[in-house]
Every structure is written in C-alpha cells, then in structure tokens.
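Visitor: Pasting the relevant annotations from TrEMBL:
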type: DOMAIN; residues: A:63-251; note: domain 'ABC transmembrane type-1'
type: TRANSMEM; residues: A:12-34; note: transmembrane segment
type: TRANSMEM; residues: A:67-89; note: transmembrane segment
type: TRANSMEM; residues: A:101-122; note: transmembrane segment
type: TRANSMEM; residues: A:128-147; note: transmembrane segment
type: TRANSMEM; residues: A:187-211; note: transmembrane segment
type: TRANSMEM; residues: A:231-251; note: transmembrane segment
Amino acid sequence: MTRLLSILGRAYVIAIFGFIFLPMLIILVISFSADSYLSFPPSGWSLKWYSTVLGNATFMAGLKNSAIIALIVAVLSLLLGLPAAYALVRMEFPGRTLIRNLILAPLVLPAMMLGLGLLMVFTPAGLVATYPGLVLAHLVMTLPFSVRILQTTLSNLGTDLEEAAMTLGARPLQTFMQITLPRLMPGVIASSSIAAILSFDEIVLSLFIVGPRLQTLPVAIYRYVDERTDPMVAVLAVLLIAISLAIVLVVERSVGFAKAFGR
Amino acid sequence: MTLRPSPLADTAPPHIRIDRLTFDYGGARPAVDALSFDIAKGEFIGLLGPSGCGKSTTLRMFAGLLAPTSGQIMIGGQDIVSRPPWERNLGLVFQSYALFPHMTVEQNVAFGLRLRKVSKEDQRARVAEALRAVRLESYGSRWPSELSGGQQQRVAIARAIVIEPEILLLDEPLSNLDARLRDEMRFEIRDIQTRTGITTLFVTHDQQEALTMCDRIAVMNAGRLEQIGTPTDVYDRAATPFVANFIGRANNLASRLSLVDGQPVLTCDGQTLPQPLPADVPENSATGNSVAAMVRPHAIRLRPPAPDQISGTVIRRVFVGSMIEIEIRLDGGQTLIAELRPNSPDAALAHLDARVTVDWLPSDMRLFAS
Ligand SMILES: Nc1ncnc2c1ncn2[C@@H]1O[C@H](COP(=O)(O)OP(=O)(O)OP(=O)(O)O)[C@@H](O)[C@H]1O
Ligand SMILES: [Mg+2]
C-alpha cells in the first residue's frame, strides 16, 4: 500500500515537472530547426535561426536596451530599497507595521492598470519611450521585492553585531559599512538579481511605455510573434530563458531562493 | 515622578557610581527602578536576579545602547549618560557572543584597536597578548564558525578586553555553555579579570555563579536593588526575605513576637523558637506582630523531643549522597526542610515518623517583619 502510494507520488511529481518543463524542452529542440516554419519534430537541424537572431537589428537593439535597463533597475532597486528596508526593520515610526504588511500590495494590482496609470503620468512628463521612463516603470515592479528581501535579511541579522561594533568604538556609518553591509551581501545579491530578472522579462508595463525609438527585447519579441511564427521565436525564447536562468543560478549559489525571500 | 533622595554616601566619588538609574519601557512599572550603587576600581561585581528583573536593561544603559529615563552613570566623577556607545570605552560581551562572522578571530579582536587607529605593529602585539590571556594564541587565523562555544566566548572576551575598557560588561556569558565548560569558564573569566584588573559587571541569574565568582553581588528584583554585598553578606545576612530565598535554600516560618519577662520571644503556632533571638529583631516589629523567621536547611539541628520547644514529625527522608534531606511537619502544621550529615547524631534521630525538636544557633536565623 505504502509502496503503491510512493510510486503514485513519484509519478505525480514527474507529471508536474513534465507539464512545466516539456514546453521548454520542445522550444529548445525547435530552436535548432532547419525548417522555415514552426514544426515538431523539425525535419532538419541547423543553427541558422541563431545567426538570424544575432543578425537582426531590432532584436539586438532590444537586447541592448533591456540589458541596460535591467542593470540600472537592479542598482536603483538596491539603492532605494536598502534605506527603506533599514527604516522598516530598525526604526520606530507611526504606520510602520502597516507599510510592512502592505509592501507587496502594488503587485496585486493588475499590471494593465499600473501601465495605464503610468502612461497617463509619463506622457505629460515626456517620459514615454525614454530610458528614465522605462526604468521608473520597472522600479514599480521591482522595489517591493527588493525591500521585502532586504527586510528579511536585515531582521534575520539581528542587532547584536552592530551593537557589539558600536561598543568597540564604531560610529554608525563605520558600523554600517564594516558590519551590516558585509552581512547583508546575500540579500543584496538576491534582491539585485531578482530586480534584474523582473525588469529583463517585464512586458505588460513596458508595452505602455515603449515607443518606436526605444523598445525592449520582450516587446520586440511580442510584436514579432504577433505577425509571424518561425523558429526564430524559439531561439528568442531560449535566449530569454538562458539569461534568467543564469541570474537565478547566481542567486541560488550565493544564498538560496527560499532564504532570500524568507518564510 | 518625585525624586527620591540619593541613598549613596556623599564622600569622594568612587570609580563608578550609578545613581537612581531608571529605565521605563512604558510597562506597568519601570524595568529598572532607581538603581543606585558604587563600584570600586578593579572590583568584580555580580548583577544577580530572576529573569526579567532588569539586569540586561541595566547593562545596556551602561553600554549606551539604551538611554536612561532618569538617573546617572558616573565614571571617574563624570556622567557618561549623554555619551554615545562608541565614545564610552566599555567592553560588552553578549550572551550570544556576537562575533563578526566575516572576520577571523584576529580581525575580530583587532576591530576596536583598528577603530582607535592603533598602529599595525601595536595591534598585532596587543591582539596576541589578548589571545594569550584567553588561551587562544594559536587560533588567530580561524573563523568564528570554526570554534566551539567556549572558544567563541573567549574570543568575545578578548575582543572586549583588548581595548582596555573602563569597565567590562558581561551579560550571562555562561548560559549557553554546557555544565562542565561553564565550571571551567567561571574560573577562567575570574582569572582573566584578576590578571587584567579590569572593573567588571557580570550579569547572571545563577546564584551559584554569583557566589563563586564575585567580589560583591548586587541582588535585583523587579527593577530594584534588594541588597549589595559580599557573597557571605548576601548569603548569611540577607537584607530582605527576597534575597534570603533567592540565594540558597531557605525555610520561612511564620512566627509571632511577644515579650516574656521583658525579653522578646518568638513563637511559631504556640511553640517557642530557639533562644536567644538575634540582636537585630526588626525594629518595627512591636509585640504581637508577625515575623518571618528564615533558617537555612543546613543550619538545622535535631534534638530528642522537648516540651514547649518547636517540634514536629519527620515525614520524608531522602539520601542525596553528600547529605540526608528530611522534611519535618511541625505540630502547628508548617513544614521545614533540614539537611543533615550522614552518620551524624542528628541523622540517627531522623528516621521516618520520629518526633524531634528542632534547634539552630541564633546567628543562623534571620528575622523579617511581615
Ligand atoms: N524592548 C522591550 N520592550 C518592552 N519591555 C521590555 C523590553 N525589553 C525588556 N523588557 C521588559 O523589561 C524587563 C527587564 O528586562 P531585562 O531584559 O532587563 O531582564 P533581565 O533581568 O535581563 O532578564 P533575563 O535574565 O531573562 O535576561 C522585563 O520585564 C522585560 O519584559
Ligand atoms: Mg537579560
């Protein structure tokens, strides 16, 4: 009986994983196709679609834009999120608990609504289809995550080390730089990486803010898929997955996801 | 809040004086309530009291991690209350040790020296000396995670003493160690303190620890100082019933004071307690008042039953190795615990259900008005 259950359990887990990873596997296979249309299994093999993508100016411009924006968003998310997390964990002020509990609330709003709101504010401000505009829009998505992750790291850290440093003669800034910050590194890496991934993959908000002069890779892919489907789409998907996966591995290696998010 | 007069002597300022130190977290009563006492240079003072009595709060005020609600902490005649922690030059050892995990043992110990801009050479020499003092000279390049609990704790002590602090503050430093290591570390801490001569405030809720290690013990209860004195003082001459019962085991007999032929006499449920009474019968206990008589179990002697003297029946007898512990139900209903030496004449009297008269030396009894 237990044996049967354990076999069933294992089969179930495999089924779930298959459900999640089979589409990715199929995409990976198709990306090496020699056909000029989407078909599975492909009738021949080649790397031609990879070279087509690398030679496509729209996609390469999108990749460059997305990378630059992701980098800036990652840095700003950290620089803005760290003081906020510090205040939420270490300082007493009215409304602290409320803000702590609501910090992830912006993510509950439909992205469509956020995008529309941002567009209405950004148009008069001249921020549409600009780097600052896209960065700001992405920060709306990434900041709650960054603050939450840094908050968890900070409260796990406790105050003993900082207090010990201060009694040994360290001023507050020295304490922060020499004790708090080095101990926060796992959270810093995790929050920046997740901000980078979220920004790099973001599409709904970006769709509202991009313009002909400036578009991100996910938006370029979306527009392309809208018109045509060929194995180039599969190549693009593989590239997106590979980049995100690389960042995830960095986080997993340095801290572990569960630890970074807490609870 | 009315300012109580300071109970401290008005003579030359001592090395350290805390004067009506108070801290209020905003609870029903202050966590530390008008605490006052003096500490001499080089003294090893124990801060002893039950959990939640305000020991850590007191220590944190010393270290500057909490600002007192009122009161003063004077070091060398200067009030340090307004100084931030990094300007106090105090060594604090946490219960959790709080070693910096991203620094080696050497770097941990050198941290305070580096901030004081001590030259690299002097740093090396002083770190080596401090590590020698805690017997960890060969562990300098290890990481804290590679040390045992006792070793981590010694690093924490080395890190605190290397800056030559005005006062060393230890917050229950032994409570995370197992029993054997705790006994060793008691010795080591006291030994290090004697060699360095650093004035030390040692927080503990373990009376045994306080009695064996400290020059003087400040006993706290509910934020207030109950008594400060040498281990012998607080053990043999407890100033309050709380101290008597917190430090060591104690029997408390509810008794009544009366005058017989002009002499004060104590009776417990009609039976007379051993005479004469100690000289310090509580002043305010007029005739007819009830008095708590405190006697330690080991001070109790047994006699064959005698009329009118305080007597009872042995209702429990337990052999616990070095002694025999018995419980006596007095005729009036109260009970007493006595510790007897095995093979003593007293122990021979104390078989189960035997009637005995109890006796003790007047100097072994403490009286408290109740
Ligand atoms: N941050 C706080 N906020 C409110 N009350 C507190 C706070 N810290 C301590 N207290 C209260 O103040 C009192 C004294 O606490 P303190 O930590 O000084 O006790 P302690 O003597 O060190 O006890 P222990 O032996 O358990 O460490 C306790 O009643 C405690 O509940
Ligand atoms: Mg405590």
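Glycine too: its Cβ is placed from the backbone N, Cα and C atoms.
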Visitor: At a threshold of under 8 Å on Cβ distances, which of A:12-34, A:67-89, A:101-122, A:128-147, A:231-251 pairs most often with the transmembrane segment (A:187-211)?
Guide: A:128-147
Visitor: Among A:12-34, A:101-122, A:128-147, which stretch has the most Cβ pairs under 8 Å to the transmembrane segment (A:67-89)?
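Guide: Counting Cβ pairs under 8 Å, the winner is A:128-147.
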Visitor: For the transmembrane segment (A:101-122), could you work out the same-chain residues 6 or more beyond its ends whose Cβ comes under 8 Å from its Cβ atoms?
Guide: 88, 128, 133, 136-137, 140-141, 144-145, 147-148, 151, 204-205, 207-209
Visitor: Would you kindly list the residues that approach the transmembrane segment (A:231-251) from elsewhere in its chain, counting only those six or more residues past its ends and only Cβ-Cβ distances under 8 Å?
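Guide: 24, 27-28, 30-31, 33, 35-38, 42, 49-50, 52-53, 56, 59, 63, 189-190, 193-194, 196-197, 200-201, 217-218, 221, 224-225, 257, 260.
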Visitor: Residues sitting near the transmembrane segment (A:128-147): Cβ under 8 Å, six or more positions beyond its termini, same chain?
Guide: 65, 68-70, 72-74, 76-78, 80-81, 84-85, 88, 103-107, 111, 114-115, 118-119, 122, 191-192, 194-195, 198-199, 202, 205-206, 208-214, 216
